[in-house]
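**Student:** So that we are looking at the same thing, I have put the structure below in structure tokens.
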Amino acid sequence: MEAVCSTPCVGQLHFALSRPLTKSPTFGPSVLILRNPCQLAARQQSWGASPKAALSSAHSSFSSPLPVPFQFVAPARKTRSAKLPALPAVRASTEDGQQFDYDLFTIGAGSGGVRASRFASQYGAKVAVCELPFSTKASDDKGGVGGTCVLRGCVPKKLLVYGSHFADYFEDSRGFGWSFPGGEPEVDWSHLIEKKNKELDRLNNAYKTTLKNAKVDLIEGKGTIVDRHTVDVDGKRFKVKNILIATGGRIFVPPIPGAEHVITSDDALDLTSVPSKIAIVGGGYIALEFAGIFNSAGAEVDIFVRGDKLLRGFDDEVREFLAEQLQAQGIRIHFGAKPVEIEKRDEDQLTLKTEQGDTWQGSHVMFATGRRPNIKGLGLEEAGVDVDDKTAIKVDEYSRTSVDNIWAVGDVTDRINLTPVALMEGMAFAKTAFQDEPTKPDHTNVPSAVFTNPPIGTVGLTEAEAVEQYGDVDVFTSTFRPMKSTISGNPVRTFVKILVDAATDKVIGLHMCGEDGPEIMQGFAVAVRMGVTKKQMDSTVGIHPTSAEELVTMRTPTRQIRKEEAQNGKGEKEMAAAAT
Amino acid sequence: MPREGPFQVDGKEEKKECGKAYDYDFFVIGIGSGGVRAARMAASYGAKVAAAELPFNPVSSETEGGVGGTCVLRGCVPKKILMYGSAFSAEMQEARGFGWGIPEDIQCNWEHLLKEKTREITRLNAVYKKLLTNVKTFEGRASLLDKHTVQVEDVSSGEKQSVTSKYVLVATGARAVFIDIPGKEYGITSDEALSLAELPKKAVVIGGGYIAVEFAGIWSGLGLEVDLIYRQPHPLRGFDMEMRETVSRNLKNRGIRLHGDTNPTKIEKLGHERYVVHTDKGDKIETGVVLFATGRLPKTHGLGLDKLGVELGKKGEVIVDEYSKSSVDNIYAVGDVTNRIALTPVALMEGHAVAKTLFNNEPTPGDHRNVASAVFCQPPLSVVGLSEDEAVEKCENEVLVFTSTFNPMKYTISGRQEKALMKLIVDEKTDKILGAGMVGPDAAEIIQGIAIAIKAGATKKHFDTTIGIHPSTAEEFVTMRTPTRRHPPKHERNKDDAQK
């Protein structure tokens with residue numbers, strides 16, 4: 001008997017228990033490690049059950065109880081499972097005599113849904129996920145495995161950012177002595193879109209394969225909750241123990257006259273040619289990313305934004321800096337502008353009118369006016385699932401809705417609408433519900449990026465939040481011209497900002513707007529996550545010559561904000577910017 | 001009020017030691033990265049500072065150098081500018097994959113690029129001079145007459161002047177050296193390579209260090225046929241083996257001909273800018289230029305250090321303690337001349353530490369642990385902490401190696417066949433990250449933040465609980481969940497070795 005005490009191996013135990021049962025020949029880890037003999041029973045609780053529910057159902061997960069020897073000794077890899085009695089394929093749990101088709105039924109196979117389903121299955125649950133048929137444009141009857149991120153969001157957007165950004169490289173290259181005697185570079189946008197769609201197809205299939213390999217049943221169709229234990233997919237009904245809603249978000253377009261003439265981000269990702277002149281309505285990250293894509297690709301771009309700044313929710317200085325950079329590239333930004341009507345005069349001519357009485361004419365109008373949780377037709381009311389006033393599904397910190405066997409993750413809960421956050425939520429849910437390991441997703445210090453031109457990378461608090469929460473804050477800022485621009489002549493600059501809690505020296509916010517900002521910020525996010533101090537940052541040797549090294553060489557605060565002085569009406573102490 | 005402690009630095013008082021007054025508190029020989037930082041900081045702490053540097057020329061010699069030093073004039077900055085310039089050809093190739101129509105006959109005007117590079121480093125030279133407003137600067141060749149007396153000789157007139165200083169800092173850097181083979185006189189160093197009047201069609205690069213692979217990339221990007229000759233099986237000795245293999249693959253993949261395990265035996269001149277490089281493998285490689293990237297040696301020759309009893313190492317480097325103090329107690333040395341870690345930011349750190357130690361009553365040893373570095377080959381390599389081999393050698397506990405080899409998203413469309421590699425090395429018992437590295441786009445930018453985390457003692461758990469930035473290359477660093485391989489704890493490894 002080889003029984004060793006070791007916490008990290010608990011996961012292995014579970015793997016050994018759950019996976020091989022579905023197909024006998026491979027027994028994964030060579031040694032089954034148990035902390036103590038009781039653990040097996042304790043672990044079994046999580047089998048297809050919510051943590052509280054289910055000691056009673058534990059044994060019924062299997063048609064026959066496990067053979068006793070198996071509880072303590074697993075065969076070494078070489079002996080395999082040959083000596084073990086054959087076990088039936090995984091079956092869903094029963095409860096109060098009711099046989100379920102699935103332990104988990106996930107509605108929506110996007111980032112959060114796929115992650116949760118895969119891991120629930122790996123933890124031993126019988127899982128199905130339903131998703132609408134694939135289309136690049138989402139609608140009531142179209143979606144696709146992969147979800148927004150893969151099909152209509154992060155991935156295709158980034159591919160177009162790459163594609164259009166080459167135009168800026170060509171410009172930059174001239175400063176370095178490159179020329180194009182055979183003619184100016186020109187983009188065949190339809191070629192790019194075709195390749196992008198090919199890549200999406202590949203990813204869509206890759207996700208399907210992932211689900212298949214994870215033994216998750218994929219059911220194509222629209223899932224509706226009939227009651228808390230019944231899901232209907234296009235007329236077919238499934239009895240399910242747990243339901244996970246992961247239907248994501250949908251684009252919201254305000255119902256103004258002529259709204260039918262506008263395009264949304266779904267359409268904008270699929271245009272076969274670059275618009276000649278486009279108005280983009282909205283000041284959020286989607287609006288600004290497309291502004292960058294189309295501007296670089298040669299379109300004339302106007303942004304209409306209701307407020308007096310772009311990118312609500314980001315650090316104010318970053319917001320202003322980005323606006324300047326966009327304007328420096330020829331993008332016009334109309335602040336305080338509220339569109340009230342779109343008029344289509346002829347095929348290629350749209351007119352946009354604002355409440356302020358301005359009119360704009362061009363070929364395309366794009367609305368990037370927000371996204372709303374996608375809950376239409378889900379049957380939430382019938383099942384008794386509460387939604388908040390913004391129609392987001394209300395969940396507790398474990399992602400459980402007001403109905404205790406119905407859960408929700410990702411954009412449909414409107415917490416932080418980012419793919420990696422949905423992944424984290426999905427993973428935490430699977431651990432909570434199927435591995436007896438109640439896990440709260442942690443929404444603090446989530447780094448994020450905006451792929452504008454130049455892009456933004458950020459983690460932690462904005463300056464306003466920092467002052468609000470900490471009072472005394474040291475602010476370090478630096479604006480510089482990246483080395484490449486000193487030769488290329490590109491006017492775009494880089495801005496970096498560090499916010500430090502003056503009392504503890506802890507870094508509480510980091511912001512960067514400039515080339516490579518998103519790539520740079522990832523490592524800093526690890527550091528901020530672990531509670532790094534400014535002193536530790538300063539003691540780190542720079543990597544030379546990079547833009548990132550600027551963040552470890554900012555020695556003198558630009559200003560020191562002190563709560564007391566603020567109360568005395570003095571505000572902040574302006575300090576001389578650090579000399580280089 | 002005068003500061004307390006051993007290093008009284010009130011500038012208004014006469015500087016005295018055993019009744020002797022000095023012209024300066026601090027004399028810095030060599031105004032490169034380390035020297036500038038030390039001089040500036042010392043001045044800011046109230047010391048009376050002077051510094052000497054040779055006149056400016058992009059190519060260095062016994063009589064020429066320039067304020068800014070190797071990094072700014074003949075190293076990091078100009079090579080990165082050329083790296084940027086050369087990388088456009090790869091970008092244009094990739095752009096085609098994205099649907100851009102670009103005629104085949106694109107070209108880079110080397111003369112223009114060179115002019116732009118020279119303009120920029122000339123600007124930086126002026127910026128550095130301006131930084132030294134509180135420092136008296138001398139142009140000329142400096143040497144030590146005694147431990148407190150520095151002589152500066154004007155290289156054109158031969159005029160000499162001497163000044164005295166309480167402390168002296170040697171920050172003269174290093175210079176490229178040739179290996180001794182017949183015909184080496186036809187070769188050039190990186191100094192000249194950064195300033196070649198004309199680009200030939202073919203180049204041979206001798207050496208496997210970072211300078212060699214960087215120039216191979218630059219020239220290849222600018223359209224030259226490049227042969228890289230090096231002694232080791234892979235370039236970049238000292239780096240993680242898996243990283244080195246990846247770099248080899250990438251260089252080859254980008255059209256550079258690799259000659260590993262090879263030594264050049266002689267160089268023959270055929271005519272104007274026509275040479276043949278012979279190797280011990282029997283190759284005869286015809287080329288327009290031969291670059292020797294065969295190492296750099298500390299520049300201590302002619303400084304008079306040996307006469308003063310300053311202990312020098314085998315390569316001529318100044319031997320220093322952790323405070324950068326030489327064997328002579330008022331003579332300090334920082335940067336490449338000490339042959340510790342020859343990197344600009346390390347020289348800055350050392351220079352700053354010396355200034356703090358001597359003039360801010362704050363004895364500060366240099367901290368050479370977990371220094372991150374980057375090699376700007378294409379795509380770049382960047383590392384921090386231990387390599388896998390080093391970890392296996394040094395770590396008592398089980399070592400977990402997490403690797404990720406992937407196709408960067410951009411390449412899915414551009415069609416470039418080149419995998420990025422990322423690696424985290426973890427002490428299984430403590431969960432501490434021992435080392436991290438990457439070969440791939442933006443590696444140098446990505447590793448900087450990772451380096452901070454590692455410097456601050458990050459564990460694998462810290463990485464695992466950090467949310468990714470999507471879609472980025474860097475997010476791969478926080479999503480590596482399963483170790484690729486494990487190395488058993490040291491006592492078991494030794495047992496295995498014994499059995500073998």
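Glycine is treated like the rest: Cβ placed from N, Cα and C.
What TrEMBL shows for this protein is this:
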- B:H470: active site, proton acceptor (ACT_SITE)
- B:491-500: compositional bias 'Basic and acidic residues' (COMPBIAS)
- B:C71-B:C76: disulfide bond (DISULFID)
- B:24-351: domain 'FAD/NAD(P)-binding' (DOMAIN)
- B:371-480: domain 'Pyridine nucleotide-disulphide oxidoreductase dimerisation' (DOMAIN)
- B:481-500: region 'Disordered' (REGION)
**Student:** Please name the residue among the disulfide-bonded residues B:C71, B:C76 whose C-beta has the most neighbouring C-beta atoms within 10 angstroms.
**Tutor:** B:C71
**Student:** Count up the helix, strand and coil residues in the domain 'Pyridine nucleotide-disulphide oxidoreductase dimerisation' (B:371-480) according to DSSP, in that order.
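**Tutor:** Split by secondary structure, the domain 'Pyridine nucleotide-disulphide oxidoreductase dimerisation' (B:371-480) comes out as 36 helix, 33 strand, 41 coil.
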**Student:** With every protein chain in view, what's the tally of Cβ atoms within 10 Å of the Cβ of B:H470 (active site, proton acceptor), excluding that atom itself?
**Tutor:** 24
**Student:** Limited to the domain 'Pyridine nucleotide-disulphide oxidoreductase dimerisation' (B:371-480), I'd like the whole-number average of pLDDT.
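**Tutor:** When the pLDDT values over the domain 'Pyridine nucleotide-disulphide oxidoreductase dimerisation' (B:371-480) are averaged, the result is 97.
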**Student:** Between the Cα atoms of B:C76 (disulfide bond) and the residue listed as 'active site, proton acceptor', what distance do you get, rounded to the nearest Å?
**Tutor:** 31
**Student:** Provide, as an integer number of angstrom, the distance between the C-alpha atoms of B:H470 (active site, proton acceptor) and B:C71 (disulfide bond).
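**Tutor:** Checking the Cα atoms of B:H470 (active site, proton acceptor) and B:C71 (disulfide bond) gives a distance of 35 Å.
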